[in-house]
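Over in Swiss-Prot, the protein carries these features:
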BINDING   Asp8, His10, Asp49, His188  Mn(2+) 1 binding site
BINDING   Asp49, Asn84, His158, His186  Mn(2+) 2 binding site
ACT_SITE  His85  active site, proton donor
Amino acid sequence: MMFVHIADNHLGYRQYNLDDREKDIYDSFKLCIKKILEIKPDVVLHSGDLFNDLRPPVKALRIAMQAFKKLHENNIKVYIVAGNHEMPRRLGEESPLALLKDYVKILDGKDVINVNGEEIFICGTYYHKKSKREEMLDKLKNFESEAKNYKKKILMLHQGINPYIPLDYELEHFDLPKFSYYALGHIHKRILERFNDGILAYSGSTEIIYRNEYEDYKKEGKGFYLVDFSGNDLDISDIEKIDIECREFVEVNIKDKKSFNEAVNKIERCKNKPVVFGKIKREFKPWFDTLKDKILINKAIIVDDEFIDMPDNVDIESLNIKELLVDYANRQGIDGDLVLSLYKALLNNENWKELLDEYYNTKFRG
């Protein structure tokens, strides 16, 4: 069996509120679909966050429906699990994934497929918040039990798992039962390693969603995994990275004429207008402004002499607010996990009062 593992397309996302960046997201996704149609795998496994929002723009819905309809018409079976970005927040709400039900199987449970006379067990479930950890662990135990008689078995999840994401995780790596392949989503960088006698894989996002993903993109690329599961056991050598090109990001540190010329050369080497970030010494801002027609957007900060050589310790765009909240709470003698849970509840319009009541009853009433 040949299958594709893909995740985290975030259709509808508008980085810097730019039409061009929204289009980049769509173009990257469409290029992935084009490559999948050329490859003609038996199955596509999508590990969540197809959409960036519970209510994506009409264009995002149209592009997704057209893409999965094409896969369906070419007899390519698609399984998908819901990510945190497309999960309903209240009773009565539906995920936008429901609109794709004629073309994909939205997985919250198990399925067994037969490819060339061989049975493959596939199971998975939607994103679970950390507060639903016990429910998630019960599901994993059930999956493990149901899969025990199958040699080839795949688990699909959209979760943060420690240590692959050190703070904002919902599961520990030792929570995962033994499977042949772990088709994971949620973390935007590519991760591929042997684990539990199988292969653990985060396919990563298909575009640069946050600026701090650019360095990983240069090292590991963006796209999806193509997995050859025709042998009895899976090895990392059976997995191929299928890469696509993303818009380039250029870091600058302009403090003199030499560094300005270096920045110009970097920008002119780009295939399309890049996103620029970094630092520009104030006196060189007029120089840099002459390049505005060659860049998509300038996110570099203007600094005075005394700050030009200071290290960039804080990247506002990628700043981990959650980490700061937990660190501050712990230093104040407050339960950091509680603060983080409250932050998430407020962010997602969830019932924070119920969360506090549950915490109080558990902590003080046993």
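The count begins at 1 with the first shown residue.
Glycine is treated like the rest: Cβ placed from N, Cα and C.
Small disclaimer: the values here were computed from a predicted structure and weren't measured.
Mapped onto three states, the DSSP output places His158 (Mn(2+) 2 binding site) in strand. Counting only the Cα atoms, the space from His188 (Mn(2+) 1 binding site) to His158 (Mn(2+) 2 binding site) is about 11 angstrom. Cβ proximity to the Mn(2+) 1 site centre (mean Cβ of Asp8, His10, Asp49, His188, cutoff 8 Å) flags the following additional same-chain residues: Ala7, Asn9, Gly48, Asn52, Gly83, His85, Gly185, His186, Ser205, Thr206, Ile209. Each residue contributes its Cα atom, and for His158 (Mn(2+) 2 binding site) and Asp49 (Mn(2+) 1 binding site) those atoms are 8 Å apart. Neighbours of Asp49 (Mn(2+) 1 binding site), defined as other CB atoms within 10 A of its CB across all chains, total 26.
If you take the Cα of His10 (Mn(2+) 1 binding site) and the Cα of His186 (Mn(2+) 2 binding site), they are about 11 angstrom apart, rounded to a whole number. Ranking the binding-site residues Asp8, Asp49, His186 by Cα distance from the residue listed as 'active site, proton donor' puts Asp49 first.
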